Amino acid sequence: MRNMAAGAVQYTNDIDLVLKFGNMSLVELQSLLEIKDKQIYQLTKELQEAKKEIEHNAKNIFSEELPTPKPFPCQYKMPKTLHLMTQSDKTESLCLSTSRLESFFVTGGADLTIKKWSSTGRKLLELPGSEKVVLSVDVSPNEQFILGSSADKVARLWSSVSGKLLHWLQGHLDSIFVGKFLNHSKVITGSGDRTLKIWDIEKSICLRTTNCFHSCSDLSTATDPDHNTYISAHSDNEIRFWDTRNSDCLWTSAGLHSKRLTSVCVSPSHTLLLTSSRDNTLKLLDLRTRAALFEFSRPTYENPANWSRACFSPDGRYVAAGSGNGCVMLWDAKTGEYEDSLLSEKSSPFVSVSWTTESLIAIDRSGFVSLWN
């Protein structure tokens, strides 16, 4: 009975279709419907395949699996030769970061753009979008994203491949002086509003806001493999250790420097911490005991800016810092002794340095980037 009723309904529908399409016969109409059914089936199949591909790509983008960094020589050689010097910003360069695989590096500055460069110094991309100067840049561990933090109180996320602006992270009440990736899907920002914020970049939402008591100059998130702690540098001359799982301050230094901190950097072995300050000294701390091991300084060394960044060599043997006298100074992290100074063709102060297995990269306040082999 049910089949007869269904047949009657189908018959009625067929009659309606015949009337709709004029003189088209039932056979012709059925043939047309079969063609349409095949087209709908094929379209549905393509949509399902596209959905699977999107889900697969999204999984890869936010994957915890990280690229393997280049191995460094057992005996690292000091850079000597100025290989390249090129203009990175039309006005002033302010920040620098190298990707995990060292396949590219990024710079930011007062011209409101971020540039992506090949490891040999060839410009690959320009990333516009910031409304004020770019104060900090960072590359995600999987090299998929570039994070730029700006004086316009916004941190922005770009695709490192296409250069497309993907997300805006808004919520700070003052300039964002630093932004760093905590892991594959979270970033931390530090601001002049005396807060630290942890963000979910997949959802573009702030997960936690922490009162850090003073303006934050820099952050280091490479403290432990589990990403449970991070370190902040502040305008009150001190550093602070934080728990990423809550807002607890685990430790605050006391009298570490006499002027504001400008950078903190964890060694490749995750056992040492390098700090730099406007008091024109750098200090090396043991992360296990938090005791100061060495103080690095020179009569001619001058920390040139509140956003100056120092770094370790890839093997952790040496430390490097840009100076106001237009050179990059190098010290031995094992002995505390001064080693050498690298000079460029200009005398502009170097504000940020990054040391890779192939070269030492530095940016200066006149808008140039220099590479030493």
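Just so it is clear, glycine is given a Cβ too, placed from its N, Cα and C backbone atoms.
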Looking at 33-64, 193-224, 321-352, which one is coiled coil according to TrEMBL? 33-64
What stretch in 127-168, 169-209, 312-341 has the biggest tally of Cβ pairs under 8 Å against the repeat 'WD' (254-295)? 312-341
Could you give the residue numbers and ranges of same-chain residues that sit at least 6 residues beyond the repeat 'WD' (312-341) on either side and whose C-beta is under 8 angstroms from one of its C-beta atoms? 72-73, 76, 78, 265, 267-269, 272, 274, 276, 282, 284, 293-296, 298, 300-304, 347-353, 355-357, 360, 362, 364, 372
Summary of DSSP states over the repeat 'WD' (224-252), given as helix, strand and coil counts: 0 helix, 15 strand, 14 coil
Should anything in the same chain at least six residues away from the repeat 'WD' (224-252) have a Cβ under 8 Å from its Cβ atoms, list it; otherwise answer none. 180, 182-183, 188, 190, 196, 198, 208-218, 258-264, 266, 270, 273, 275, 277, 279, 290
Mean pLDDT over the repeat 'WD' (224-252): what is the value? 92
